[in-house]
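If you check TrEMBL, you get these features:
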type: DOMAIN; residues: 237-285; note: domain 'Tyrosine-protein kinase ephrin type A/B receptor-like'
type: TRANSMEM; residues: 400-420; note: transmembrane segment
type: TRANSMEM; residues: 441-459; note: transmembrane segment
type: TRANSMEM; residues: 492-512; note: transmembrane segment
type: TRANSMEM; residues: 538-560; note: transmembrane segment
type: TRANSMEM; residues: 580-605; note: transmembrane segment
type: TRANSMEM; residues: 633-653; note: transmembrane segment
type: TRANSMEM; residues: 659-678; note: transmembrane segment
type: TRANSMEM; residues: 685-707; note: transmembrane segment
type: TRANSMEM; residues: 719-744; note: transmembrane segment
Amino acid sequence: MSPSCRNWPSSCVIYLTGGNGWGVLQGMQRAAVFNIPLGIAVARSWSKYVALPSAYTTLLNWWTPDDSFLELNPTPLIFPRRSELAHLQQDLTSAMEAVHLTKLISHDLEFMAPGVVHFLRQSQIYLSEVNDLMRARKAGHSIHEAACEWLRSHETRWRPWIPDPTACARGYGLHDEYLGEFTSSRPNATGCKACLPGTYSDSFQDDQGRSYVCTPCPAGTEQPAAGEVVCKNCPVGTFKAVQSSDQCTPCPKGFYQNHTGAQTCKECPQGTTTLLLGAKRGSECVCRAGSIDLSSAESEVAHCAACPDGLTCPDGSTMNLLQSGDQTGSKADQVPGIAAGFFSWPAEPLKVFKCRTARCPGGSPGTCQGGALGPTCAACSDGEYWENGQCSVCQVSLKAFWYCLPILVIALLVAAYYMVETHYLALPSLAECSRMGFEMMLNFVQNIGVLSLVIVPWPEGLKELFEFSEVFVLSLQSYGLNCTSSSDLNQYLVAAGLFLSFAAVAPCLGYLSQWVPCLRRRDLSWSFYRTICTIGKIYQSLFVTMCSIGLSPFMCYLHPNGLHSMLKYPNMLCGSIEHGIMRMAGVAVLTLSASHFVLCCWACYQAPSWSRKRPDRLTSVGFLILNFRPSSWWYSLIILLRGLFISVGQVIAPDAQGVQLLVMSLIMIVSLSLQLYVLPWKAPLLNLVDAVSTVLFLTLLAVALHLSPVDSQSFLDAFGSIIFFFSLALITSLGCLMMGMLALQRCCRTEGSHIRLLNLGTPFRPADLLMLLDSMCANLMRKHEVERQTLLRKMSSGLSLYDIHAVESALKVLCVDFELLADESVRESRIVGERISRMKRRTLLLHSLSEDGFLRLQTVERLTAESDLDRSQDENFKQAEDSHEVRPKDAAFQDLVRQTFSF
């Protein structure tokens with residue numbers, strides 16, 4: 001109870017509340033402050049709380065809107081306006097703040113359903129109307145009935161609450177639901193829809209009021225979200241060229257944009273590009289692939305220079321990355337490097353050298369395999385040599401071998417003198433054929449050695465064989481020659497001096513042999529002609545190597561940096577002082593080679609004369625003629641020319657492997673053609689082996705031409721076209737020539753020109769051959785039996801195999817075809833021509849006519865017709881033909897036949 005009625009309880013006014021004592025504290029403070037006689041009571045339950053005010057006139061704690069005490073129509077008790085400061089100080093005597101009944105909804109309800117929000121904002125229902133609705137509900141009406149009744153009676157109230165479907169809110173635009181697209185015209189619109197990404201909501205005003213349309217974002221802007229009223233500028237690194245609903249596009253490679261709202265991108269400076277799309281700064285422009293940035297700092301504008309051959313430069317290559325060679329950082333894919341087969345110094349990484357061996361693995365500048373040194377990784381340090389893919393320490397035994405090599409060469413020279421053959425025999429022995437086969441093999445491996453100097457990416461198996469073959473052209477670096485001297489100049493001078501020393505040492509040895517008593521007693525002292533033959537044999541056997549050594553200083557291939565190196569000694573730069581000395585030594589070797597060839601030409605010219613008049617001089621040139629038939633004694637000159645020109649391709653085109661291989665192929669084809677035409681070797685087996693080995697070498701050249709890089713593709717294409725049309729023109733010209741000569745023969749009856757053409761020269765006339773055969777027979781018949789037997793023995797031992805075959809074939813032709821010997825045991829595996837015994841009279845006469853034979857033939861035919869020979873006379877004439885006698889009855893005809901035939 002309040003203090004004012006605590007002494008008289010009956011005077012207190014009841015203040016009824018419920019729950020856990022709603023508003024008891026406020027009621028107690030107000031009763032005390034305002035001296036209100038209150039007796040505060042709390043109902044036990046909700047039903048008591050609702051029933052007691054209807055039974056008694058009391059004050060009660062209530063809130064609105066609520067229908068619990070609606071029929072009592074209570075009057076509110078008004079207190080002073082609420083004071084926030086007093087409430088903070090626990091003074092609750094002021095009135096309570098009205099609490100609005102609300103519901104929490106989605107924060108984007110206005111975006112998702114702007115019509116609903118507009119409806120709720122426009123609608124307004126008073127408390128009295130709510131109370132009337134609650135009274136109708138309590139009177140027995142349903143909620144829907146009460147609401148419908150209110151709507152019917154208050155249409156003027158709620159009609160303005162419904163929004164116009166074309167009055168779009170912000171973020172929306174006019175939309176035609178039937179076509180499923182946005183529109184900019186209110187009559188075409190059926191409603192509003194949130195603007196899609198790439199568009200913005202643009203307001204407009206017409207006679208129906210304000211509304212919005214969805215407009216595509218202009219150039220340089222974008223809108224990734226839906227229902228927006230403005231477009232955003234394209235961010236840095238992007239652009240949009242035209243007005244559209246598309247998003248901004250990242251700048252392509254080679255472009256950048258450092259401003260927002262751009263309609264285009266800025267192009268990187270010439271020769272530069274960007275690594276990724278959407279570059280935001282000009283500093284992201286880096287050098288394109290194939291070029292390298294020479295600037296010292298990343299902030300500077302890229303100064304791009306073309307990367308030389310042998311340097312791999314991806315996008316973004318810089319000098320710092322090249323020198324560091326770091327493959328582990330974030331820029332690992334931008335690190336340039338030296339390609340395999342090339343080398344550069346760390347101090348000058350752009351000065352690239354081309355290597356001829358696999359010792360240059362590439363990667364960072366200054367990298368060589370196996371401890372190799374030099375600009376092409378072709379050398380080892382002092383006291384080392386290349387072995388098994390790395391530089392190995394020289395052994396004492398290896399050094400001793402090379403220091404003792406001059407003594408070994410002198411010993412071999414002495415042995416060669418006593419082993420060389422100087423006497424010429426037309427019929428080869430088995431030992432001589434073995435020697436010729438060895439020399440043929442030596443020449444073949446020298447050709448292989450020359451081929452090994454051509455840079456060809458051979459398969460691994462062949463690569464090892466070709467590396468071994470380099471020893472035959474005196475490339476001895478892998479065999480420890482570096483152990484005596486690591487200088488390329490000294491090694492070349494040793495190789496060149498080896499050939500020059502033969503011409504000086506051999507005469508000295510010959511002179512010394514004259515002063516050795518034991519040699520003189522045994523007749524083993526060196527003779528002049530045999531010494532010349534020994535020197536010539538050495539030069540003849542090693543002529544390919546000698547020419548290759550002489551031409552080596554002139555074989556300079558080009559590096560990517562513009563310098564040149566020798567093919568055989570890649571660390572030796574052409575144009576240096578050491579290279580000049582090597583060229584002088586090469587000229588000396590080439591002079592020696594030329595002198596040898598000239599002397600061989602003179603000796604071949606004199607050989608037939610010497611064989612008849614000066615046999616002692618013929619022994620001095622035995623190295624030239626011993627291997628070949630008497631009719632092709634000069635063929636060694638062809639071998640010498642082939643040995644010289646097979647290395648010429650490396651001089652005229654040291655950087656074009658295709659041209660080198662093509663020149664070698666042409667030389668070998670010409671050599672093979674001459675060899676097949678001449679058949680120069682004494683034994684047929686040797687001719688076959690020589691031809692097969694040449695064909696195999698040509699096959700190897702074809703494989704090399706296929707494997708070689710296409711550095712000379714244009715030349716090969718042009719050369720192939722020339723060969724094609726030349727071959728076609730040659731065959732066509734030959735056919736036209738034959739047809740022309742045939743027509744000339746038919747019209748003018750000329751016989752000699754076409755015979756010379758078909759036989760590639762003037763053949764021996766049959767009449768002269770028969771006269772020579774008759775003279776030989778007469779001469780042989782005049783000799784005694786002993787002389788004939790001696791002559792036959794000399795013929796059997798002095799004729800070569802090919803001469804024996806030729807004589808045998810000629811004799812069999814005379815015996816079988818011309819019936820000079822009626823012996824059936826003489827048979828020949830060949831097609832037999834028309835025999836004399838089977839020839840017609842006219843054919844027999846035609847084969848025996850002289851220049852005026854046609855006139856005589858006409859006379860013979862006239863006399864034959866007049867003679868009126870019968871069939872029996874023809875048989876007699878045929879029998880006479882078998883005995884080479886013609887005896888017709890007519891005397892005039894007999895005289896004419898006697899004059900016509902030469903036998």
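Glycine is treated like the rest: Cβ placed from N, Cα and C.
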Between the transmembrane segment (685-707) and the transmembrane segment (441-459), are there at least three Cβ pairs closer than 8 Å, leaving out pairs fewer than 6 positions apart?
yes
Summarise the model's confidence over the domain 'Tyrosine-protein kinase ephrin type A/B receptor-like' (237-285) as a mean pLDDT value.
91
Please give the sequence-distant neighbours of the transmembrane segment (659-678): residues at least 6 beyond its ends with Cβ less than 8 Å from one of its Cβ atoms.
450-451, 454, 456, 632, 635, 638-639, 642, 645-646, 648-650, 652-653, 687, 690-691, 694-695, 697-698, 701-702, 704-705, 708, 712, 715-716, 719
Same-chain residues at least 6 beyond the ends of the transmembrane segment (538-560) with CB under 8 Å of its CB atoms are 308-311, 342, 352-354, 356, 413, 416, 439, 442-443, 446-447, 449-450, 453, 472-474, 492, 495-496, 499, 502, 566-569, 574, 579, 582-583, 585-590, 592-593, 596, 600, 623-624, 636, 639-640, 643-644, 646-648, 650-651, 654-655
Number of helical, extended and coil residues in the domain 'Tyrosine-protein kinase ephrin type A/B receptor-like' (237-285), per DSSP
3 helix, 14 strand, 32 coil
Given the transmembrane segment (400-420), its same-chain partners at Cβ distance under 8 Å and 6+ residues beyond its ends are 480-481, 483-484, 498, 501-502, 505-506, 509, 524, 526, 530-531, 533-534, 537-538, 622-623
